[in-house]
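This report refers to the structure that appears directly beneath it.
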């Protein structure tokens, strides 16, 4: 059926027999301008952005047509900080309302890139001369894990890092460590020194009695085969503890 000339959206101009069709103006969604402004603020002063704003921007790729601010705030409310959001298990991230598998996968990808970047700053370097970088890497890799991990940094005779391996993963407050296996692996890699690292999911890096006893056993087992244990570092959300710094090695 032909559209009436008197219907809304049609305009008749004097001297013209045809009717002009006007296309209604479509407003951009409110979040479109917000995203542009947030990106510009990031370019100008990235350090001035709040944690939830940085997380908003991380979510842009996974959520292309919606406001990401509510989800960013919900994730921080659920897990506590950006670091804890990224370290959270993928399944738990996906369970946050508005997240789902795509968001969870995207955030775990960001975490993997961050860990790889931190690791690249210590590989093939003289580790003892780059100690702050080592601590930064271990903190990024382990401090926010929900279960204890026991990691070993294997060094050559020049104290360069030749391998970085997670030896064991345990429970929330315990990781089984077998000195014989640690020493065996060091010999396989021709390592002449090692640095022991594990995390405390509680956040408190204070060594336990069990940590101290296990370290003594490991030091003795390594010493028998001329392998030096430079340090045992415990990392947590609230800092780190060095056995050598505490006089425990």
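Placed from the backbone N, Cα and C atoms, the Cβ positions cover glycine too.
Residues annotated as domain 'MPN' in Swiss-Prot: 127-249.
Per Swiss-Prot, motif 'JAMM motif' is recorded for 198-211, and the stated evidence type is sequence analysis. Sequence-distant contacts of the motif 'JAMM motif' (198-211) (same chain, at least 6 residues past either end, Cβ-Cβ under 8 Å): 142-143, 145-151, 172-175, 232, 234-241, 243, 246, 248.
Feature annotation from Swiss-Prot assigns Zn(2+) binding site to 198, 200, 211; the stated evidence is sequence analysis. Counting Cβ atoms from all protein chains shown, residue 211 (Zn(2+) binding site) has 21 others lying within 10 Å of its own Cβ.
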Note to self: Within a 10 Å radius around the Cβ, which one of these binding-site residues has the most neighbouring Cβ atoms: 198, 200?
What the structure shows: 198
Item checked: Confidence summary (mean pLDDT) of the motif 'JAMM motif' (198-211) -> 90
Margin query: When DSSP is mapped onto helix/strand/coil, what comes out for residue 200 (Zn(2+) binding site)?
Written below: coil
Checklist line | Tally of DSSP helical, extended and coil residues in the domain 'MPN' (127-249) | finding: 41 helix, 37 strand, 45 coil
